[in-house]
Amino acid sequence: MEKATVKKKKQVLLYYCVEMEDVARKIASESDSIILHSINWRSFADGFPNLFINNAHDIRGQHVAFLASFSSPAVIFEQLSVIFALPRLFVASFTLVLPFFPTGTFERMEEEGDVATAFTMARLISNIPISRGGPTSLVIYDIHALQERFYFGDNVLPLFETGIPLLKQRLQQLPKSEKIVIAFPDDGAWKRFHNQLVDYPTVICTKVREGDKRIVRLKEGNPDGCHVVIVDDLVQSGGTLIECQKVLAAHGASKVSAYVTHGIFPKRSWERFLHKNDGSEKAFTYFWTTDSCPHTVKAVANKAPFEVISLAGSIADALQI
């Protein structure tokens, strides 16, 4: 009788930016086949980067990956410098893991003169040098607009992953007595995610214009007596989520929680969601997000209602593809 062959995991050498060190360590803890390597992130007196890739000679013929975080324009250039250098060191293959594609919300022109910076970023990434193993593999989670996959050139192979399986695992840990309903804040979120959440009843909200204001309304579904979880790809100021919560509560939702893959929260806007100790009503029971935005992870640590769900296991699996 033939023995089933077990596919041997490839060894991956994982470099990472400073912000993503904690996530990189979690990824390495998920698999013995992922080995961490470091970069010396230094600067010259004029502020420009002075970078050094450790063990550069030893990575020849190896599968190499880089875990990036383009959290601000200030850090993008130094990371791109490393990203463009690694494939040229005679590596067997190169993978760029960029969990959050930061310019994704500006993906189209509404009038002549607008600059669609999502396309600019995609063009930069598309010019990563080809390694000995071929085009760069690019891992991104829940990119904002699905059409952005077509912005990348042939020098990269984009792998679009999602955090939704992690949310589903967390929902399964909630008490069986809770009637979970998934709410989408708009039609765009429904189009993106509803096929991955077919096991749950759904509610769809919509924004309607009343005078100069855009008001959130319930479009379809019934949240009455249910624990409603609002699902979206990202949050910035959080205004839409807060308005959705009010509408759902007004229609009888017993609890409201939220999940976003990318918690951006500029200007500490996460503070709007914190549970206060003054006995006031807690609008959101849980607020789940991933560790794709490391500054947010540190800011909301141990602060209710926030819970951070790590992408580490999912990234470790993606590095084996």
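Each Cβ is built from the backbone N, Cα and C atoms, and glycine gets one as well.
What you are looking at is a predicted structure, and each value in this text was computed from that prediction instead of being measured.
What TrEMBL annotates here:
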DOMAIN    20-127  domain 'Ribose-phosphate pyrophosphokinase N-terminal'
DOMAIN    158-262  domain 'Phosphoribosyltransferase'
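Break the domain 'Phosphoribosyltransferase' (158-262) down by DSSP state and the numbers are 30 helix, 43 strand, 32 coil. The predicted model assigns the domain 'Phosphoribosyltransferase' (158-262) a mean pLDDT of 94.
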